[in-house]
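Student: Annotated domain 'Acyl-coenzyme A oxidase N-terminal' per TrEMBL: B:20-146, in sequence order. For B:T152, B:G191, the entry in TrEMBL reads FAD binding site. Here TrEMBL flags B:288-449 as domain 'Acyl-CoA oxidase C-alpha1'. According to TrEMBL, the active site, proton acceptor annotation covers B:E434. What TrEMBL lists as domain 'Acyl-CoA oxidase C-terminal' is B:484-666.
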Protein chains: 2
Amino acid sequence: MSLTKVNEDLVREREKCTFDVKELTHYFDGGEEITLNRRKVEEIILSYKELKDEVPEDYLSHKERYENAIRKAILVKDIRKRHNLDTPLMPEKYEVTYVNTILKGIIKDISPVYLHDTMFLVTIWGQMSPEQQAEWMPKAKDLKAIGTYAQTELGHGTFLRGLETTATYDPETEEFVLNTPTLTAYKWWPGGLGHTVNHCIVVAQLYTQGKYRGLQTFIVQIRDLETHMPLPGIHVGEIGPKFNFQTANNGFLGFKNFRIPRKNMLMRNAQVLKDGTYVKSKNDKLTYGTLVIGRVNIINDVAINLSAAAVIAVRYSAVRHQSQLKPNQPEPQILDYVTQQHKIFISIATGHAFRIVGRWLWNTMMQVLQNISEGKMEQLPELHAISCCMKAVCSQDSASSIEQCRLACGGHGFMKSSNLPLLYGLTTASITYEGENTVLMLQTARFLLKTWMQILEGDTALTPTVLYLLNFAKPTDYRWENTPQGLIKGFQAVAAGKIKTAYDSVVKYVNAGNSQQDAWNLASVQLVAASEAHCRAVLCEIFSNEIQRASSTLSPNLSKVLQQLVELYLVYWALEKRGDILLYSTISKDDIAALNKRYEELLALIRPNAVGLVDGFDLRDEVLNSTLGAHDGRVYERLFEEALKSPLNAEPVNSSFHKYTKPFMETAKL
Amino acid sequence: MSLTKVNEDLVREREKCTFDVKELTHYFDGGEEITLNRRKVEEIILSYKELKDEVPEDYLSHKERYENAIRKAILVKDIRKRHNLDTPLMPEKYEVTYVNTILKGIIKDISPVYLHDTMFLVTIWGQMSPEQQAEWMPKAKDLKAIGTYAQTELGHGTFLRGLETTATYDPETEEFVLNTPTLTAYKWWPGGLGHTVNHCIVVAQLYTQGKYRGLQTFIVQIRDLETHMPLPGIHVGEIGPKFNFQTANNGFLGFKNFRIPRKNMLMRNAQVLKDGTYVKSKNDKLTYGTLVIGRVNIINDVAINLSAAAVIAVRYSAVRHQSQLKPNQPEPQILDYVTQQHKIFISIATGHAFRIVGRWLWNTMMQVLQNISEGKMEQLPELHAISCCMKAVCSQDSASSIEQCRLACGGHGFMKSSNLPLLYGLTTASITYEGENTVLMLQTARFLLKTWMQILEGDTALTPTVLYLLNFAKPTDYRWENTPQGLIKGFQAVAAGKIKTAYDSVVKYVNAGNSQQDAWNLASVQLVAASEAHCRAVLCEIFSNEIQRASSTLSPNLSKVLQQLVELYLVYWALEKRGDILLYSTISKDDIAALNKRYEELLALIRPNAVGLVDGFDLRDEVLNSTLGAHDGRVYERLFEEALKSPLNAEPVNSSFHKYTKPFMETAKL
């Protein structure tokens, strides 16, 4: 069998695709130019043979994996420098973050300098004064200062006011003295902190002139630049193995009377003067901007992970044959089983949805950040609210959809070499980091309840993402319709209904004698549900609108298929949420039966284009890293080739037989 | 801080528990005697210090982990032998499979001899003739024959008729000749096959006298008993890393004209005579028995895994403090957040439910197997149907509930040292093995549709688990009631409604001109949904009945708490499935609002007993293996102690700095 031959089932699938796959790729990337640029960068970086592993990562020890990851991460930096492949930190237009995607493919996990490339640089960009930026940005770009972002502590995550690390200003030496007063005050989690970085952005409680001044951010050198030895007063190390992120080198950090110069406080907003006078920030909401960037990036990240899982599951399902549909016929492709289509087609639709909504949110954010920099803050609460729930819903849905793809690949999906376990691990992590999802949902709920009160008070000047609520605030003549637009209205009706229910529930608990805070807690399950419903309504509307808007520039064939994807997405979620729709809209049981039928039709409509749709994501084999998902469909050959790489397979008999098993067998003979 | 001091929050929680935790443990185990015996066995085995790892498994290379797992697995065998701790292969009463649970705690993953201890022994017990058993059982018990069960192939899982391995009888030498004709015919997955076993049960397509005779089972020696070298004609090795199961040593196996004696065919049912004459089995359903055992064992397995996750999440939530409920008050235990209770209390209830239903199913199965051995087969179809959907629902629910527990522990739940990632990995695997869940659900659906036809034909002689369908086959005066019994009726109404819908859908597709098989496929999403609904109705009823039945022998305090758990379970699922209940019962919107309120009340009722309820599972620290879940609640100390064990932390500067990072930093200076 030739190594380059493409599996015949995949050849047939590609022949019957009804649209131009290239066109889809350009649309998905955001334009042909971006596609070409992405491919060029991929081509250059991946041409370096040293980036390939001889022994797959999963056979190595924890320490070896870290060392190999550093080797590859530095090599990629070197290649990018040599070929001038710098990407802008904050591109004005939302582009594929392709270097990160390639890097994930190369490291086969998180790079130990990932937080350097993201949070460290973004914090310098967003929170340093111009003079500080001039000093630190070049150092950071040249990796002279390798940094991370240290906020979370062993005992403190979400609740920033609870952080225990202190920075006390000493005017005599014009220094801050950093301390870790307890075990729970240790910084815990920052990526690269263990053994990789020599600098650290540290969030600490500031004290000057004997007074508490709230949280401030500092840049702290923690290791010698020449020897890399931890400086005196620094206790640093890694926190150990995780579900994934094995090479992220997440670390802990403790300070003992550790001194840094005054100028190392990040002074774009608040300042400490030489004598210790504290100058408050003019607007303490200014740092919200960087948090929003982090959340919006996650949406793109998980969309790519989910797309990769969809590619793997669909191609494998086209290659795998199983059971019999009809007597005396050959085993069909498992892609022909409707239960299989039900499991994996939604991941194709969701991959598109999140990518498109992520792009919309990025563009919205850039415009709001521009306004903020001009002092106009009014859009910030809405941006904060929508980015919170979007991050939560997109990370949660992506994780469960990836896991569904993995399970749809049966036993082979359980193999690390399928890459599905890694994709799941990376994605589920984002449920927790950059704001735990439940906490974020409750942030959005706060905004939604405020909006609802506004409506009750007769104020109709609502911000764009909640404008739809006005249609449902009073009894309307709204009637259910089984059309895409009707479904979107249905999701809005559900969101409005759930916001009202949650609001009423808080009021009821307050009226029953609970404090505002206790009432909020008692109703919190419903508050989270309201946020989720709101987010889904917005997601569905934007996905649908954006595809509609693009259809004038796309060829009719592609446009038709994308509209099928939108409808699949809407119908899938209408059926999933049928309980809520029954409760909060005028849908009938017959409508639901009709939706069920339509869903089965849509699966059949998408079936012939399934492989084309995932080919359109244009994810290279080196990014997919999957025995099941490669473009040529050589599933079984690759599985076998990977197995043969196991160091255990290098010896016919493992030493443990003679050492442990045989002696036991021999005692049995006695 | 003293090493033995128990966290004060946990002390307080235990003080306020309203029932006797010991009594719960005895109930959970199935009797005080079993508890005492289990504890004795645990005490003996765990007293061996050599079973503790100096370096945690997760830091080791793949090969080192395997070798360490063999060391520990053999040592445990040795200890059991020395202390005569043999457990019956098929206990008549359903007992805690505690040795397996301890072993999982010791190996911290699956033992390489797990399949020897289970499927290999069970197949000898169930499928060998008495003479064969007399030869093989002692060898297997003494580990002279270390074995596994090889059925699945690289290209073939569910569909047994698709297996490609052949066994051709040669009457001249009175041998079978085994062959692996293609790459996809390689045996793939059997645990221990890689480097551990020297024997193998092999399922292959039998040919004698030039005729195809269907699948048969053989016992095959694959390695030399002295040298452990693979025998000529055998190609064997391991399949590589997986999501978990790193130490299970899953392997591949290929045959090239490999000859085994005639007597190595398992001949309890079918036989091949010296001249090659094939004597058919009297009843080809006889081997179903062993499959049912495997599925019922999984229910117990996942119930224990889920219970462990519940212990970890509840104890951690009692120790962890976060945020503020009220201004100027200390950070509350996260167990006080209703969203947290919502995430984890269901896992306590489900742990109990699955354990109790698993026990009921075991006892039912033992009685049916007894009847089968007396030639009475009529109960087999129902046992098959109920064990299929129970395995599917219990494995699926346990996996998602464990994952919810992990996520409820935030970042620390992502640490391997929490043990939640391992518990999830082990549990989600059982969704796929011993019959993939969707395939199993469709098996049950076949039984349910047959039953529905029976009802339509006026036949009311139904088997016990489907008897409830009679109440819903015709229009009834059934009215919704918001009581536990009313909810159970509601789940039954949903199941009946979904079975009817699925049935009608198949009929509709047939009437539209589709073949029976195509119609089945087209309706399969609804068929799976019908099976799930049926399973939930049975689960809920049995859980509720069994707790009711036990209440006469339990103290009133414990009985009350267990009834709260049952109600929580029922209300949780009623709310989760509110869409179906709205569609198929007479529930009103007000009923649903009342259920929401009741749910919030139940969370509050269970809150004070949460720690007591998980203490009652009586899972030792050595079984939990969790920094977050230990009995003393020293969460932060343990997390830090574990981190310090990292080999990376043994050196202040990792060699990769000088090798890779520093040279890059220096080129930047140029």
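Yeah, the Cβs are placed from backbone N, Cα and C, and that goes for glycine too.
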Student: I'd like the per-state residue tally for the domain 'Acyl-coenzyme A oxidase N-terminal' (B:20-146) from DSSP, helix first, then strand, then coil.
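Tutor: Output for the domain 'Acyl-coenzyme A oxidase N-terminal' (B:20-146) reads 87 helix, 0 strand, 40 coil.
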Student: Please work out the number of neighbouring Cβ atoms within 10 Å of the Cβ of B:T152 (FAD binding site), leaving out its own Cβ.
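Tutor: 21, counting other Cβ atoms within 10 Å of B:T152 (FAD binding site).
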Student: Less than 8 Å, Cβ to Cβ, versus chain A; work out which of the recorded positions B:T152, B:G191, B:E434 satisfy that and list them by sequence.
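Tutor: The answer, in sequence order, is B:T152.
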Student: Would you count the other CB atoms within 10 A of the CB of B:G191 (FAD binding site), including those on all shown protein chains?
Tutor: 27
Student: Which secondary structure state does DSSP assign to the residue listed as 'active site, proton acceptor', in the simple three-class scheme?
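Tutor: In the DSSP reduction, the residue listed as 'active site, proton acceptor' maps to coil.
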Student: Helix, strand or coil by DSSP: which one applies to B:G191 (FAD binding site)?
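Tutor: It is coil.
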Student: Applying a 10 Å Cβ distance cut-off over all chains shown, what neighbour count does B:E434 (active site, proton acceptor) have?
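Tutor: Its Cβ shell of radius 10 Å holds 19 other Cβ atoms.
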Student: Can you tell me how far the Cα of B:T152 (FAD binding site) sits from the Cα of B:E434 (active site, proton acceptor), in Å?
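Tutor: Cα-Cα distance, B:T152 (FAD binding site) to B:E434 (active site, proton acceptor): 10 Å.
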Student: Whole-number answer please: how many Å between the C-alpha atoms of B:G191 (FAD binding site) and the residue listed as 'active site, proton acceptor'?
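Tutor: A Cα-Cα distance of 13 Å.
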Student: On the 0 to 100 scale, where does the mean pLDDT of the domain 'Acyl-CoA oxidase C-terminal' (B:484-666) fall?
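Tutor: Result for the domain 'Acyl-CoA oxidase C-terminal' (B:484-666): average pLDDT 97.
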